Amino acid sequence: MLIQLCLTLFFLGCSIAGTPAPGPEDVLMGIVGGHSAPQGKWPWQVSLRIYRYYWAFWVHNCGGSIIHPQWVLTAAHCIRERDADPSVFRIRVGEAYLYGGKELLSVSRVIIHPDFVHAGLGSDVALLQLAVSVQSFPNVKPVKLPSESLEVTKKDVCWVTGWGAVSTHRSLPPPYRLQQVQVKIIDNSLCEEMYHNATRHRNRGQKLILKDMLCAGNQGQDSCYGDSGGPLVCNVTGSWTLVGVVSWGYGCALRDFPGVYARVQSFLPWITQQMQRFS
């Protein structure tokens with residue numbers, strides 16, 4: 001099911017990038033303007049699954065990133081319910097192809113950021129604790145978290161990955177291989193200006209791009225439906241660093257509408273606190 005989410009805060013008609021898929025054959029899974037990722041290139045990428053009784057199948061719902069052998073960071077809007085039952089989720093790790101292969105991993109704990117209400121209001125992050133450690137799994141490796149002082153700019157080499165739709169109206173075709181695309185970081189003030197100019201009177205006087213958000217994308221290259229919760233990584237001093245979590249945007253890869261991400265840097269204290277508390 002492809003859900004066009006209208007953010008009531010600013011009446012945009014903007015879309016959440018990751019939503020439950022309709023079924024294993026028609027699943028809205030690709031990155032707009034990207035290409036297939038080699039096996040093992042992005043070893044922290046995971047697929048967050050929910051069970052569809054109609055098909056008796058665990059379908060792709062969102063992306064996520066392994067940040068510790070037993071912890072996954074994703075978007076809060078992928079979880080939806082603050083008291084979500086961990087047993088309704090499964091995690092797929094270490095595979096470029098969405099279906100087939102390894103067994104799915106169980107989730108033992110779900111933690112949504114306490115300030116989350118809606119993706120457009122910020123705090124769009126959640127943690128999933130895995131029932132088992134993936135320390136010894138092949139093609140699996142945690143991604144590096146940013147330092148509190150890290151500043152990423154348009155000069156940095158950044159990529160976003162996922163199994164989301166390859167255009168606003170076209171799902172990723174079989175064999176459902178992980179997609180990757182290089183995107184440009186866009187300064188928050190410029191991103192704010194772009195959204196305001198493109199939507200004009202619909203958001204007059206309302207701040208759209210908050211401090212805990214990050215913008216990235218190019219016309220024709222972006223994350224899309226089914227990518228939510230997935231990683232935006234930048235090559236910082238030779239190491240891939242997780243700087244963003246796919247959150248929301250207006251359509252996919254449209255001119256003047258960059259993708260909007262949860263800024264991982266803003267949530268470092270919360271992430272560290274939760275992992276220490278429950279590990």
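Glycine is treated like the rest: Cβ placed from N, Cα and C.
The signal peptide annotation in Swiss-Prot covers 1-17.
The domain 'Peptidase S1' annotation in Swiss-Prot covers 31-276, and the record cites sequence analysis as its basis.
Following the DSSP three-state reduction, the secondary structure of C78 (disulfide bond) is helix. For C78 (disulfide bond), the number of other Cβ atoms no farther than 10 Å from its own Cβ, over all displayed protein chains, is 30. Per Swiss-Prot, the feature disulfide bond maps to C62-C78 (among others).
Every protein chain shown contributes to the tally, and the Cβ of H77 (active site, charge relay system) ends up with 26 other Cβ atoms within 10 Å. The active site, charge relay system annotation in Swiss-Prot covers H77 (among others).
Under DSSP, D124 (active site, charge relay system) is assigned to coil, being neither helix nor strand in the three-state scheme. D124 (active site, charge relay system) is surrounded by 33 other CB atoms, counting those within 10 A of its CB over all protein chains shown. Annotation source Swiss-Prot lists active site, charge relay system at D124 (among others), citing similarity to another entry.
Under the three-state DSSP scheme, C234 (disulfide bond) falls in the strand class. If you look up Swiss-Prot, you'll see C158-C234 (among others) marked as disulfide bond.
Among the features that Swiss-Prot reports, disulfide bond is placed at C191-C215 (among others). Cβ neighbours within 10 Å of C191 (disulfide bond), excluding its own Cβ and spanning all shown chains: 23.
In sequence order, D256 make up the list of same-chain residues 6 or more apart from N197 (N-linked glycosylation site) whose Cβ falls under 8 Å from its Cβ. Here Swiss-Prot flags N197 (among others) as N-linked glycosylation site, drawing on sequence analysis.
According to Swiss-Prot, the disulfide bond annotation covers C224-C252 (among others).
Taken from Swiss-Prot, the feature active site, charge relay system applies to S228 (among others).
When other Cβ atoms within 10 Å of the Cβ of N235 (N-linked glycosylation site) are tallied across all protein chains shown, the result is 12. Taken from Swiss-Prot, the feature N-linked glycosylation site covers N235 (among others), and the record attributes it to sequence analysis.
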Practice task
For the disulfide-bonded residues C158, C215, C234, work out the Cβ neighbour count at 10 Å and name the residue with the minimum.
Solution key: C234
Practice task
Pop the Cα-Cα gap between D124 (active site, charge relay system) and C234 (disulfide bond) into the table, whole Å please.
Solution key: 20
Exercise for the section: Taking only the Cα atoms, work out how far C158 (disulfide bond) lies from S228 (active site, charge relay system), in Å, as a whole number. Expected result: 17
